[in-house]
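If you look up Swiss-Prot, you'll see 1-25 marked as signal peptide. Summarising the annotation, Swiss-Prot assigns N-palmitoyl cysteine to Cys26 and lists a curator's inference as the type of evidence. The S-diacylglycerol cysteine feature in Swiss-Prot is assigned to Cys26. According to Swiss-Prot, the feature region 'Disordered' maps to 31-52. Residues or ranges marked as compositional bias 'Low complexity' by Swiss-Prot: 31-46. The annotation nitrate binding site is assigned in Swiss-Prot to Trp96, Gln150, His195, Gly239, Lys268 on the grounds of similarity to another entry.
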Amino acid sequence: MSQFSRRKFLLTAGGTAAAALWLNACGSNNSSTDTTGSTSTPAPSGTSGGDAPEVKGVTLGFIALTDAAPVIIALEKGLFAKYGLPDTKVVKQTSWAVTRDNLELGSDRGGIDGAHILSPMPYLLTAGTITKSQKPLPMYILARLNTQGQGISLSNEFLAEKVQIKDPKLKAIADQKKASGKLLKAAVTFPGGTHDLWMRYWLAANGIDPNNDADLVVIPPPQMVANMQTGTMDTFCVGEPWNARLVNKKLGYTAAVTGELWKFHPEKALTIRADWADKNPKATMALLKAVQEAQIWCEDPANLDELCQITAQDKYFKTSVEDIKPRLQGDIDYGDGRSVKNSDLRMRFWSENASFPYKSHDLWFLTEDIRWGYLPASTDTKALIEKVNRSDLWREAAKAIGREQDIPASDSRGVETFFDGVTFDPENPQAYLDGLKFKAIKA
């Protein structure tokens, strides 16, 4: 298929949560689960009188994915309260489409102020290309929540092929399906989001045109495994713990973890509505400091068991610790006979500058969204990044919590190299685009 149509996008982005999505669009918040209230005693206040937030709380959304842990932990360990935001709500969203809709509503209309989100989405919202109103919704990215920790998995129908990251057997499967009158069905979590871009990159690098040789469908992350079981798709790209759960249930196997595609790649972000942040600058700083501290906590191996026990609860991920813990500590059972221990491709929350929102990474996301027609070729990427990416606030918050030594010197991480040998130079994104075989650029 050439592209997700807007109609198909609106109908499928919520997957089987469509009913909840339409209720939400009408102003109901039934598609979200409020997990307000932590189980821990708040730490001593981290604010002084002059730093006191303008409000007592913020309403944040999250999807049941391991990389939502910093937002959840900031609530559970009393870090929001520590920085003067004791009334903060952390609300489960059923899909990225619901997250989008609730951000558009804002908390004053029953929605949310900010969220754990796919890194490209704040840009697509700010550009107005995915809002239901088709109007721009200015957003800020305050931090990256994690790097790595996603996977591309296949159905057991293709277990004999044992497809890996760079593998001619993948194209053979796609060619066989096309010859039989079908297309390789690949599930992603949101059009133009990270999982969509990882899947498209993987297919294209293996000689498969995502627009003509595959059928990309949208399924919410927590519903991926159930849909694989019913044969909805042949392959999917999603964050943990859902690849691990697929393997644990013996319904499929992981071809590659996304760190194999691009080592230490950026993934989710902490986003906030720009109007909320501009109205509440001290509360925004408090929010950022709390999440940064939570990321540091999540990175500490001593906290791994507690992190898994907290997030496995029904109100958060509704899965087992066994689905979360192994891959989070770098122990990867691919489900096809391969396994690794203590892999450096595990999810990072703070180490290796995981939390810093590099503008060069956002440029790659925008370049890929231009590549596949989610943004027009005329997009002023530099201006859009300067509008959305608030690395200045990240630096200020990191300094305030005593982590000045972790502040990068530059907003660019420099040239990035992908598994197929292709490089992305943020100083020359056009050269990167020009060198790609498969693309669907729109004027």
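Cβ atoms are placed via backbone N, Cα and C, with glycine included.
Between the two most distant C-alpha atoms of the annotated nitrate binders (Trp96, Gln150, His195, Gly239, Lys268) there are 16 Å. In the three-state DSSP assignment, the secondary structure recorded for Lys268 (nitrate binding site) is strand. With a cut-off of 8 Å between CB atoms and residues at least 6 apart in sequence, the same chain places Leu118, Gln150, Val188, Thr189, Cys237, Val238, Gly239 near His195 (nitrate binding site), listed in sequence order. A sphere of 10 angstroms centred on the C-beta of Lys268 (nitrate binding site) encloses 30 other C-beta atoms. Each of Ile63, Leu65, Asp67, Leu118, Thr189, Gly193, Thr194, Pro221, Val238, Glu267 belongs to the same chain as Trp96, Gln150, His195, Gly239, Lys268, is absent from that list, and has a C-beta within 8 angstroms of the C-beta centroid marking the nitrate site.
Take the CB of Gln150 (nitrate binding site) and look out to 10 A: across all protein chains shown you find 29 other CB atoms. Around the Cβ of Gly239 (nitrate binding site), 27 further Cβ atoms fall within 10 Å across all displayed protein chains. For Trp96 (nitrate binding site), the Cβ neighbour count at a 10 Å cut-off comes to 27, with all displayed protein chains included.
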